[in-house]
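I have placed the structure first, in the form of structure tokens, so that the comments after it can refer back to it.
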Amino acid sequence: MDWFEQSLVRLVKSPHKAWLETLPRQLHDFLSKPHGDFRKWQRVLKQLPDINTEQQPTASLGDTVGIGPAELASDSDRARMRGLLKQLQPWRKGPFELFGLNIDTEWRSDWKWQRVAPHLDSLSGQQVLDVGCGSGYHLWRMLEAGAEDVWGVDPGELFLTQFQAIKQYMPASIADRAHFFPVGIEAMPELKSFDTVFSMGVLYHRRSPLEFLQQLKGLLKAGGQLVLETIVVAGDETTVMMPGERYAQMRNVWFLPSAKALAVWMQRLGFKDIKVVDHNVTSLDEQRSTDWMQGESLKDFLDADDPSLTVEGYQAPIRAILTARV
Ligand SMILES: Nc1ncnc2c1ncn2[C@@H]1O[C@H](C[S@+](CC[C@H]([NH3+])C(=O)[O-])CC(=O)[O-])[C@@H](O)[C@H]1O
């Protein structure tokens, strides 16, 4: 429980302490039956060099989330770090930089943050939840924006390991406020305790998107803000698309509503002040293969002759951001 202990202690003193009724058992189960490669990934983490110098490392929580300066690590530390972190591929969400070592991830997640940030309630001093947080890249950006504590949930064990790799180098004053639990939203109680709840890139993976929205609502305290980002299709209030077996090669895509239809769903579930604040066609520069994600990426999921279509003939991904209040 080492990795979770400090976060659980923090939970006791937080407005979310009711989570302690279910979470410790879930974490215990997770650690006793982890994903096949999880132990191997954890061994990789243990071998990362200890950058132990007189000078304290400094964090930068801007577009590239990083820890430095580069001079604190030797060339051989960097080479070792590179070899070990490469074993944690694919690196999807970032970018990150550790003591001069740049991790060029599949996604420019900083671009998503730039689209989201102008529409947020102030995060200063707030308790923030990110549902489906991936590597945790946006958690660090939420801390940069002033959040008191950031809580990420994501069932991806590899993403948890990537988060831990970054967190273990972060100065304690920042690291102690960033938390990641490997649970899905369906395993969370109705806490009604977060000031802001983010869920970006998850709704289309949920088989019951209305239930998912209801769960997000149950996590917010009265007056809190939901920030929702998802793939949408063109159309009006009545347009919802369910792809066949795959969408852009992904097997786990269920419902793609238009942004207007999504706003109707949210209104019917009792959200207030619903706004569609952004629409963006995902570009081949935002999601692409890199040295740190060598598999196929967006370019391979689009029709080579008409990039406005996926290989299956559907509309290529457009992502909308909606904000709402409870
Ligand atoms: N039931 C679930 N509960 C919680 N998380 C889940 C669940 N199912 C899948 N996930 C997680 O949701 C994330 C979706 S990626 C978005 C990452 C980040 N938010 C981003 O916006 O860049 C998709 C994208 O590429 O946009 C993955 O990390 C899953 O493990």
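Numbering starts at 1 and runs along the chain as it is shown here.
A Cβ is built for glycine as well, from the same backbone N, Cα and C atoms used for every other residue.
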One of G83, G125, G132, G223 listed by TrEMBL as binding carboxy-S-adenosyl-L-methionine at the site of K93, W107, K112, I185, E186, M200, Y204, R319: G132
Largest separation between Cα atoms (Å) of residues that the record links to carboxy-S-adenosyl-L-methionine, namely K93, W107, K112, G132, I185, E186, M200, Y204, R319: 26
Proximal but sequence-remote residues of the same chain as K93 (carboxy-S-adenosyl-L-methionine binding site) (Cβ under 8 Å, at least 6 apart): T105, E106, W107, S109, G134, S135, G136, Y137, H138, F159
In the chain carrying M200 (carboxy-S-adenosyl-L-methionine binding site), residues 6 or more apart in sequence that have Cβ under 8 angstroms from it: K112, V116, D130, G132, H138, V227, L228, E229, T230
Least surrounded among the binding-site residues, given as K112, R319, when other CB atoms within 10 Å are counted: R319
Cβ-Cβ distance under 8 Å to I185 (carboxy-S-adenosyl-L-methionine binding site), same chain, at least six residues away: V131, G132, V153, S199, V202, F212, Q215, L216
